[in-house]
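As recorded in TrEMBL, the features of this protein are as follows:
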- B:13-32: transmembrane segment (TRANSMEM)
- B:53-69: transmembrane segment (TRANSMEM)
- B:75-99: transmembrane segment (TRANSMEM)
- B:143-160: transmembrane segment (TRANSMEM)
- B:195-223: transmembrane segment (TRANSMEM)
- B:230-251: transmembrane segment (TRANSMEM)
- B:257-275: transmembrane segment (TRANSMEM)
- B:287-305: transmembrane segment (TRANSMEM)
- B:378-399: transmembrane segment (TRANSMEM)
- B:411-438: transmembrane segment (TRANSMEM)
- B:444-463: transmembrane segment (TRANSMEM)
Amino acid sequence: MNNLSNRSYIIVAIFAVVGIVYTILLFRLQVLDSDYKQYATNNVLREVVQYPARGLVYDRNGKLLVYNKTAYDLLITPREVQTFDTLLFCNLLNIEQDDLERRIQKAKKYSRYKPSILIKQISPENFAILQEQLYKFKGFHSQTRTLREYTHPVAAHVLGYVGEVTGRDIQRDEYYKSGDYIGQSGIEKTYEKQLRGTKGVKKFMVDVHNRIQGSYRDGEEDQPAEIGKNLISTLDLDLQIYAEQLLQNKKGAVVAIEPSTGEVLAMVSAPTYDPSLLVGRVRGENYSKLLADTLKPLFNRSLQAKYPPGSTFKIINTLIGLEEQTINLQTRFECYGKASSPIRCTHNHVSPANVVDAIRESCNPFLWNTFRSILNKYKTSAEGFNVWRKYALNFGLGRILSKDFPNALKGDLPQQALYDRIYGEGHWNALTVRSLAIGQGELGVTPLQMANCCNAIANRGYFYEPHIIKEIENDTVRSSVKVKQDVGIEARHFEPIITGMNQVTKGNLAGLIGITGHDFCGKTGTIQNPHGSDHSAFTAFAPKEDPKIAVFVYVENGVWGSRYAAPIASLMMEKYLNDTIATRRIVTEKRMMEANLLNPIQPK
Amino acid sequence: MPRRNNILANIDWVTIGLYLLIVLLGWLNIYAAVFNEEHQSIFDITQRYGKQLMWIGAASVLALIIMLLEVNFYVFFSFIIYGLLLLTLIAVLFFGTVVNGAKAWFTFGGFAFQPGEFAKFATALALARYMSSYGFKLQKPKSLLTIAAIIFLPIAIIILQNDTGSALVYFSFVLVLYREGLSGVVLFFGTLFALLFILALVVSNLTLAIIMIGMVMLAYLVFNPKLKQFAYVFMVYAVCLAVFILADLVIKTNFETDQFIVAGAVVASLFVMYSSIKRRLPNYTKIAIVFIGSVLFTISVDYGFDNFLQAHQQVRINELLGIESNPMGAGYHVNQSKIAIGSGGVWGKGYLQGTQTKFDFVPEQSTDFIFCTVGEEWGFAGTFLTIVLFLTLFIRLVWLAERQRSSFSRIYGYSVVVILFFHFMVNIGMTIGVMPVIGIPLPFFSYGGSSLWSFTILLFIFIRLDASRLEQLSV
Ligand SMILES: [Zn+2]
């Protein structure tokens, strides 16, 4: 035991060492180092968060889409506030006295010694006036923020908007502090990490009069803000503007994609809104207005509206039949027009029809027979259905196509289990689910998915992930956009389809939708609407060989595919390919732009 | 009653005197920290100094009750007290109130009470009781496991309360175990690497280098207490460091000062290693090797942390160590705290004349950052005196512990002193930026009823045990 009691000396030695080390450190801090006295006479160490400018967004040709403008926040440190001329103050800020009182109380409640924001996002013009007088108000200071500004009032849904972080954002990522901004939809949300940059902090010494006396420790402890990375989007600004003009006063959506890359050239959801409405102090009010609007301008139809794909889907069914060899180019099916069973045909045409005729005429009986042959090829209808479903998935239906569109829906592509549940296992067959043959029934497809199908057809069997960002400054776009996605159908099977689609654009529609100087392919669609006029759809790509653009246009209450959707699609393609619209088509262009379909009761 | 008189005669009035002095100084500084012109009456219980006066009064009553109780009471009820406190801690988990992110408080009306504070003396009692039981041998695996259980049960519950800072206090019991025979090697390497790991991430490289060099010097002294040889080693380090620091000042390079210092110390260690092998001083060889190993270890911890861990893992470890990644967070407090202390100079600005600790520049100024007020208003004179006062108390307590006949009293006494020491070291260390900001109070000094009472109970049970040191305890 005696031996162990020697250890008491070691324990005391440990105490002594800590005591001596602390004494030395305190001596250095209090006696040797004069810096700290200097800082204390300057009274307050103020840390100012440096907010980086968000990255800019350009279109595919280097035209600026989104940039930043400066705004100022006025901050209050309640402890430092002295009596001041509230009337002058309120006049400068253009607020009511009791509003000011409320805001000050709120700041006091948050903290008496930490600065908090009193007034947000003051415009540079107003701030210039305020700043001259600011010295009269002790305890107030400003910080610089940046707000989004747009070169053109277009592409609101694609670009998205920036808003203040919510409690959940702060919980999820501790980079964010109350009052910070975060991308809340569109590109701003998907590319938030790249666009936001990194906040910094600058430490200043300020005297009792709130004047900055210089940086703390010569800025040794400052962390400079890193500005956000610039993005080059795949959008073509001119095409986007043009598409929005064509869709004005209509409900609908347009998606245009470059087939060789999957780059989205234009994406419109109508009615749309001016993105600058959701910036700055007017944001909250405008947001509520847009939210309350019965036309739902905030609803992104190009990603979230689910339509039955209609006759556009007939192309896919025909392709599946060809690949599964249940039909071939010699196959002909009888069509009895309106007398056909179990699905009647809506057109008058040659009968029996082959593949090309069927595509051109959108022949329902042909499609029914093809669909039945696919399901009946296998032992059970369910097995055949699953083969069919696999192709539909390959085309991008029923799934999310890209991370670039955070709000996109995956659409409806029914599973075997659904029919098993409704009809009982083994108790359903091609006849039961026949509406799938003509793109109706349980199918729900978004315009983005439709445009992507068209893209795959234009490429004769493959597509690249449709995406919206082409390049990120000092960074790389995720590699998935460079992966070729094969739909599993041989290229040769596309030729009769493309011939049929080409004939669509050449018949009696040629005058209305022909593109000057280019041979192209298209397919109309009309979707029955029990609530009013039918919806109009058109899928197309141009030119026929080596396609440069694939488009899907959807116009609600547009009656027939050929009435609105087809002219709009062809005008867009002409604009994109030729940069101008031929004189003979100006009338059509004018008619499209001026058409107002927002009144839901239209003559049939 | 002759026995009572006997106790009165055997009470260690020096310790009680030191206790009263520290409590009084604490109160004076709390008064200064929250002083404002509107409320000047010292009895104003709407103000913290008024409340603290109430706590002090209540603490005196507590101390008196503790002294009046039969000494065997503490021995007999030690496990029961420990069990009750554990149950209370668990109850807090379910019914407690969250203060500063930790669900560690019970609130009654306007008063908050933190059971975790009281678990310290209960754990000390249980540990003393167990380790003083008949036939106890520390080296037996069963003994070590039981001890680990006694210490880690409260730690686990307190960590669940999200109060990691308070939980760290319990690691100070290692020193008690060391005094009771735990191998010095275990203590040394265990604490060394745990400490290095934390320090490598928490403090600046320069501070770490200074701490490590201080530690290696201490090691030379402790493991070979022959002055002549130590003086030689000391010279070697002094010369090497001087050369390298001079080199840093003279030559412009891309290397930082701390890298020069570390390099100097490593060169010195290599030299000591070489000459100690020649002179057959194996202890010195080992220490030099351990030092070089430690340097490599800290470098690899730093490197590994920065390069191998994912961002979210870094954040989690930082949180655990009390480092906030927020630029306005912990660093802000420490800067303000250092400005306050540093601005005090040699003699301070005078009582109630401080500007930094007034109002709210330094957060938690009357609780965790009370030492700032001392530093600002009393200067280096005040901080030095405070350190001396605490060290005197600690040394007095070690001396008292060593004079106990029963191992129960001795073990309890050591537990008291190491707990107080740990608080002292971390609390003052954090105000001068060499310890992570974990919110633990300065004993007897910081504002707060729970902490004052718990430290009072902790200390006075030992004073009571010491007063009966001549009696036979019924362990
Ligand atoms: Zn037909």
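The backbone N, Cα and C atoms fix where each Cβ goes, and this holds for glycine too.
What TrEMBL says about a protein is an automatic prediction, not a curated fact.
Remote same-chain partners of the transmembrane segment (B:378-399), defined as residues 6 or more beyond its termini with a Cβ less than 8 Å from a stretch Cβ, comprise 12, 14-15, 18-19, 21-22, 25, 341, 344-349, 351, 371, 413-414, 416-417, 420-421, 424, 428, 443, 445, 462. Pairs of Cβ atoms less than 8 Å apart link the transmembrane segment (B:287-305) most often to B:195-223, out of B:13-32, B:53-69, B:75-99, B:195-223, B:257-275. Same-chain residues lying 6+ beyond the ends of the transmembrane segment (B:444-463) with a Cβ under 8 Å from its Cβ atoms: 11-12, 15-16, 19, 22-23, 25-26, 29-30, 33, 48, 51-52, 54-56, 58-59, 62-63, 66-67, 74, 111-114, 117-118, 120-121, 124-125, 366-368, 370-371, 386, 397, 400-401, 409, 412-413, 416, 419-420, 427. Touching of the transmembrane segment (B:411-438) and the transmembrane segment (B:53-69) is ruled out by the presence of fewer than three CB pairs under 8 A, sequence neighbours closer than 6 excluded. Listed as Cβ neighbours of the transmembrane segment (B:75-99) (distance under 8 Å, sequence separation of 6 or more from its ends, same chain) are residues 105-107, 112, 115-116, 118-119, 122-123, 125-126, 128-129, 150, 153-154, 157-158, 160-161, 408, 473-475. Sequence-distant contacts of the transmembrane segment (B:53-69) (same chain, at least 6 residues past either end, Cβ-Cβ under 8 Å): 7, 11, 23, 27, 42-43, 45, 448-449, 452-453, 456-457, 460-461, 463-464, 467.
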